[in-house]
Amino acid sequence: MVDYIGQRLGNYQLTRLLGEGGFAQVYLGEHIYLSTQAAIKVLNTQVANDEGWFRTEARTIARLVHPNIVRVLEFGIEGSTPFLVMDYAPSGTLRQRHPRGTRLPLATVTSYVRQVAEALQYAHNEKLVHRDVKPENMLVGRNNEILLSDFGIALITQTMGDQGIQNVAGTLPYTAPEQIQGKPRQASDQYSLAIVAYEWLVGDRPFNGSLTEIISQQLAVAPLPLRASVPTIPPAVEQVILTALEKDPDKRFNNILAFALALEQASQLDTSSQQINQPVEVDLAAATILPSSLLAASVANELSAVKPPEPPSVRQEPASFAQAKSQAAPAGTVIARYREHTNAIRSLVWLADGKRIVSVSNEKTVHVWDATTGNKLQTYQDASDAARLVARSADGSLIATAGSDALIRVWNFTTNLLIGTYRGHQGQMVNAMAWSPTQQLLASAATDGTVHVWDANTGQPLTIYRGHTGSVAMLAWSPSESASPPGHGLCIVSGGDDASIQTWEVTTGKTIALYRNQPAKVLGVGWSPNVYTLSPGASTSSRVGCGRADGMIQMWDTTANREVLSYRYPAPVSFVVWSPNGKRFAYASEDKMIEVWDTMTNRKLVTFTHASPPRVMAWSPDGKYIASGGDDTIIQVWVAP
Ligand code: ATP
Ligand code: MG
């Protein structure tokens, strides 16, 4: 098969392969003049440039304009290779979002079915039949909407007479009996969509096996009722799906939209059905009771400690700490240094008592130490490099550690239980983790660009956000619903390699705002932890901010949804964080500096220097101190302004 990477088709330079189907390859392309991105579908067929039927078909496809249909931007024949240019969907297909075997909540299924049915009803009204309705041809748009693709492509390639066996193989499990017999009609699309819905609700397609087995089942075997596999599916919902799956097209719903509406109605008859079919990505069996008396000890068990835990040492506060406390030492005064790590610091958190810090570093150890003295309390060495990140719940009771084995372990800090292990990121690297401000929800971001929000007690995933097209570097929660953009519940801001900052609603996974006016990677993001008044009489608002690889620091008001500050620092800004009261904003940069600003006056209050670039920092719970560390392996605790 020809590889077109680096080549030019029409006005597009093809940069990478997005995927391959039965009769085409799809590439990501960049417009050579406009730099815009598009998906270029290169058909595996050759046609003569003057083949009129091909142009006629192309026109038919390009004529379709609908919010749930992928826009076709251009058609061309390069040499004798036909290609078409369509909108690029960075979030991929519904097949990629929900791999085979995934069961979806009923509400999600009805929403998907409704959107696809709207698109198909529009096409049917235009006298077109899709013929290839399946999750691979449902793309996820920028606002999480579903976009049906490959309209008429099936027809084109069929007309060309070289519909290969692989192509049939991908499509056959969804193909209606009359279409298999060569008589496709509008009701055939309804049948295919019903197979897709069945698959999402049950976790498996009704007909599987070899090609001949599938064909004979499509033609003559009744599908197994859905409730035989999943008894929690409401009977009315099952009835709607089975009607759309009637072998006789005349017995199905009058039109495809009627099918979607019937499904919505049936699902609303029974609200308890919202709870069915959660994807299972959790290992609750990992909730083991460990006999030891400290979280530290259970971490040690789990991480297969090389060194035995040392007893916690209680020491007197050194003069500098007492002094700092009593005499209000100037901002930037170091009160403790922790020197026990031997490699770059990766992550650190203050425990709820405001006295202890848990830190992890590249030497693969987890340390618990006294923030007031810099004295080590516990260290745990981990042979499998399990600990790269650490996060603490808002109430201080739970700790999560994430490793390069992609597992996140949740620990109860007071009862010494390993609550469970989250495995949803398998095969990825977890870059960032943050707890919700109120509930026991954890958000974790990974190199594949997804952010997972899940219940820390049960491991149940709540939302998987896929708005990013590159690795997500950092995320932060809105501190409360009132700090979220108006009309929305708790939100998350995330940013990373795709250079965009995105705010999105946690429960719905809906993108609320997308800020992307700088081309540089986003290294740090934060959400101001309070709702404050900008000026007397003004309404309250909250901000998200970011630091970028080109040194750009930007802030947006999430209420007014506009940029309120942008500032270019001379070096890459790798970490940003707000003080607990929201009045200070700190950022760390590649030139070894940390600067702290007053967010009301936009004045710099203090500059703190490390020997090497700082990578992480955290405010103490009372807002009085900052602990920061990075490549120089030393964590410093210093007085915050
Ligand atoms: P079929 O050939 O029956 O349509 P298919 O959809 O798997 O099967 P293609 O249409 O050739 O095959 O697409 C191949 C893959 O390319 C898709 O599965 C999808 O992952 C990716 N892809 C296609 N179109 C786009 C697009 N507009 N934006 C992003 N990715 C796309
Ligand atoms: Mg396709």
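Sequential numbering from 1, following the chain as shown.
Just so it is clear, glycine is given a Cβ too, placed from its N, Cα and C backbone atoms.
The domain 'Protein kinase' annotation in TrEMBL covers 12-269. Under the heading ATP binding site, TrEMBL lists K41. Under the heading repeat 'WD', TrEMBL lists 338-379, 380-421, 430-464, 465-514, 566-607, 607-641.
Annotation note: K41 (ATP binding site) sits in a strand segment as assigned by DSSP.
When Cβ-Cβ distances below 8 Å are used as the criterion, the repeat 'WD' (430-464) is approached by residues 97, 278-279, 281-284, 388-389, 391-394, 398, 400, 402-403, 406, 408, 410, 419-422, 424, 470-480, 490, 492, 494, 496-498, 506-509, 529 of the same chain, each at least six residues removed from its ends. For K41 (ATP binding site), the count of additional Cβ atoms within 10 Å of its Cβ stands at 24 [all protein chains shown].
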